[in-house]
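Okay, structure first, notes after.
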């Protein structure tokens, strides 16, 4: 073995041991070790402080990550304002949690101005929001640059719909390099949060020529949903995604699917498809397995099409590109 090969193996071993190995996409768990070593702690304190005052935005922060990464990659583009930005897309009409990101960004800017991207602030804040809801810790990789554009049309094109079939979900996630199992695991984010009536009311009335109501819904649960969302519904009404423990980040989402109490047709379909049913049953039985795998899946999600180097910038304000 030559000296160059030996040196490369030694560097690889050191990096693996310290956990600071930089992936091919340019992300690293220790990215801010020298430029802003307090970044992670500052962001976590800001997120925890806000969620201690009001925990309601926590599920919204989690949802922001998927809605960001599926459009233009994980570049904070979902945070940008503008008349045709991703925020204005119908698929993003119910997004919230933006204020938590703004507060965390302001906190880290106060100690390390111009160093930490909004996309990285979001990645840290998502992990910390999950922790506040009872989820498990995972190491966040950083090094993303913020994108320079945000397009509502792209959001409508790429974001998964609550009306998708399992095949559409698998294909949608595969285009982003995520497996069917990772799709099922990330769908577990619906163990927290809520949805407006328009996202599921099609299952309750005039479902098709044969059934008035989607036959895969538990009848008692369907009656409850009709009480919340009558045919002439007020779309400001919100219904918990998880009918068992809606404020706790746990595996009960998968339990609800086995009880035919999945809120979205795309969720309930996971139980009945041979490609996903085993994963649903396995995760329903093992809370620890779900929370561990969720962190792993979030790391994969947060690495989608990231911008590094000269591809983006470090925004001073998450709502607008630098002038």
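Cβ coordinates come from backbone N, Cα and C, glycine included.
Taken from TrEMBL, the feature active site, proton acceptor covers 67. Taken from TrEMBL, the feature Ca(2+) 1 binding site applies to 68, 71, 73, 75, 77, 86. Positions annotated as substrate binding site by TrEMBL: 160. Marked as heme b binding site by TrEMBL: 190. Per TrEMBL, the feature Ca(2+) 2 binding site maps to 191, 242, 245, 250. Positions annotated as disulfide bond by TrEMBL: 36-112, 69-74, 118-318, 197-229. Residues or ranges marked as domain 'Plant heme peroxidase family profile' in TrEMBL: 26-322. Annotation source TrEMBL lists signal peptide at 1-24. Among the features that TrEMBL reports, site 'Transition state stabilizer' is placed at 63.
Taking residue 318 (disulfide bond) as the reference point, the binding-site residues whose C-alpha atoms are within 10 Å of its C-alpha, out of 68, 77, 242, are 77.
Closest to residue 118 (disulfide bond) in space, going by CA atoms and restricting to the recorded positions 77, 86, 190, 229, is 77. Between the CA atoms of residue 86 (Ca(2+) 1 binding site) and residue 36 (disulfide bond) there is a gap of 30 Å, rounded to the nearest whole number. Sequence-distant contacts of residue 63 (site 'Transition state stabilizer'), defined as residues of its own chain at least six apart whose C-beta falls under 8 angstroms from its C-beta, comprise 95, 97, 189, 193. A distance of 15 Å separates the Cα atom of residue 197 (disulfide bond) from that of residue 190 (heme b binding site).
Cβ proximity to the Ca(2+) 1 site centre (mean Cβ of 68, 71, 73, 75, 77, 86, cutoff 8 Å) flags the following additional same-chain residues: 67, 69, 70, 72, 74, 76, 78, 147, 150. Take the mean position of the Cβ atoms of 191, 242, 245, 250, the recorded Ca(2+) 2 site; other residues of that chain with a Cβ within 8 Å of it are 192, 244, 246, 247, 248, 249, 251, 252, 253.
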